[in-house]
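Take a look at the structure set out below.
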């Protein structure tokens, strides 16, 4: 039996514990150790296999665990990473890659060429550029443990780019036993040869992921650290990804010293974080995110290219970007064409369709002339992603101003991705338009751009049929040098403004917030080598 | 009594069967496709189809339900479509934070709300009564996430007394555990305190008009004895009922509170699973919540016998 005095004692104990000073009770939640980095990722890691999915968070997780044969530098050029070097022979029809010494998987097994071959084959079934590559591969083999041999039916100058690109899915190298998994089934183990090991026992799905330094990792000895190229030297023992779906909570955690690095602070919280003298906000990915409105090309009214073309005259990219990220022009860019601005293939060909004065009356006349008869336009919008919802709201307003008969369907992303797979007519559960964005690295060339494909029913959602775009894309694969690629890119952009597979809506940049004491953060992706606490 | 408990426990079986069938059917009919979510935004329709087939999502309803039901009968809640982890393990990982939050909230609510309601009834019509009722209206009216943000702003960011987010397991010490739970529990309990305080006041007002209270006063019983021994015990049945019903409210409120304070509990697990259409996880969590709710109702029914000797099962 508890008596009154015991009750009072217990209550006082509880009250005392609640009133303990912060420094005494915060262990385990805040107060970063110098060897532990606490990171708030853009989203939870829903799918841990970076080959089965194109989700960016899975790609970023992939760079922790797995290594790549080539990296990409800030000039968008592939650089050797796991390979010591390569030989190109027989006019590019035979390419030999030789692995570096000392590469070892986390289970202690050495990395063999056979592992690389199996990994390349699995990746190539999922990746657009990989699929093109495999159509010209005659032989992909491992003559010995350190040599990977490609024999091509015709030269494939984009081989190193394909193997090193950071666009999703990335060609990560897995042990052969994992790489032989069906590409439609996620691998069950997180065993790689990358600079960090996965702490499976500490994973709390939806809340926390933990990686520890791979002590056996041998970084490259040469080259500067640049994007995913160069030596991967790790200065932290442990990286913790703490998932915080609520942006205000994440911002509070940053301000309170409970996290070191916040990947995607939303625009409306950036000023708040910028005012905190312990934090730095910086745009580290110059390719940003490129927004678009995607048409359904199978059904009226957007099966009519003239109607799609007419809408180019209504787009005011600054309206879309302001809605997404705010009025600070350093955070977004308009006048964005088909390729990511300031990357090698970006060009001005035909840009007047986007940059000439906007005139809704003219757009209405053009729509009538194109044969628009008031067909219903079903716009599907994801309400659970603020940036996608903002794009859809502005797009809805734009379409109404153009005189289109719009039905705005707001749903969560899970519903949108299901509905957009429907090829039914809009009034029978299908759709006419949705909004999305791609990372800038996924829009830098025709090889990685899904939305530019025009191979009909097999194309990305929207299913455009655009044979000239396909012809130009194929020509780009065979272009011998950058100048030839750039010339084809201009033609692609001109043709894209004729076929209009999608409407380009601008580019915005996502600032990262991190503690001032962190140095050596690598530009491009949130990757954790080279970073240290000063 | 024992026979009654057995009967009630057995009665949960058809309830759970109906819940299982209902949840499975609802998820089957609801829009959304986990294969599309897994494949990612840039995957082609063919990629999505391949993943859907590999997950068995293209099979008929009856086949999928039978398979799932057979696993449930054997105590297997299935494997998460996304994480490839057993649902039972994911629930086990998340149960401690949610249970901790609910227990602290419940204790806080009962300890504060019941005396508040008793005092308000005792001082009915006075400024104390009006203040308690004003607090109750406020507690009901202000959403839990607003209370959460305000508390985090003042007590975590301002005064630095508590962390703004996260959860520390009890195994790492009572202080850290409680420190992470104080703000979320206060936020979550605000509506609950309001509810219990109002019900306590209303019930106590009725009881205080009864003849036996007048008799107790005539016999010279003290105010405290009258309020807490005679009146509160007789008012307990409806109060306990409301506390029980409130546990359902707590489950709903915990979903929001766990998001605001980044607590890795069952609420966040549920939301994440719903947004991704991770069917086995949704089904597992809903079954668990249903079972807990049935169990709580049973415990409340049994507790009536402690307060009212006229009730016998």
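Each residue, glycine too, has its Cβ placed from N, Cα and C.
Look at TrEMBL and you will find B:95-300 tagged as domain 'ABC transmembrane type-1'.
Taken from TrEMBL, the feature transmembrane segment covers B:9-30 (among others).
Annotated transmembrane segment per TrEMBL: B:99-122 (among others), in sequence order. Counting only same-chain residues 6+ beyond the ends of the transmembrane segment (B:99-122), those with a CB under 8 A from a CB of the stretch are 128-129, 132-133, 135, 167, 170, 177-178, 181-182, 184-186, 188-189, 192-205, 208, 223, 227-228, 231-232, 239, 243, 246-247, 250-251, 254, 257-258, 263, 265.
Through the fold, the transmembrane segment (B:134-157) approaches residues 116, 163-164, 182-184, 186-188, 190-191, 193-195, 197-198, 253, 256-257, 259-261 of its own chain, all at least 6 residues removed from its boundaries and within a Cβ separation under 8 Å. Among the features that TrEMBL reports, transmembrane segment is placed at B:134-157 (among others).
Beyond the transmembrane segment (B:177-197), the same-chain residues lying 6 or more positions past its ends with a Cβ under 8 Å from any Cβ of the stretch are 100-101, 104-106, 108-110, 112-114, 116-117, 120, 132, 135-140, 142, 144-145, 147-148, 151-152, 155-156, 162-164, 166-170, 239, 242-243, 246, 249-250, 253-254, 257-258, 260-261, 263. According to TrEMBL, the feature transmembrane segment maps to B:177-197 (among others).
Taking Cβ pairs closer than 8 Å, the transmembrane segment (B:235-261) reaches residues 97-98, 101-102, 105-106, 109-110, 114, 117, 143-145, 148-149, 152, 164-166, 180, 183-184, 187-188, 191-192, 195-196, 199-200, 203-204, 206-207, 267-268, 270-271, 289, 292-293, 296-297, 299-300, 303-304, 307-308 in its own chain, all 6 or more past its ends. Annotation comment: TrEMBL describes B:235-261 (among others) as transmembrane segment.
The annotation transmembrane segment is assigned in TrEMBL to B:281-307 (among others).
Long-range Cβ contacts of the transmembrane segment (B:9-30) within its own chain (Cβ-Cβ under 8 Å, at least 6 residues beyond either end) map to 61, 64-65, 68-69, 72, 277, 279, 282-283, 286-287, 290-291, 294-295, 298.
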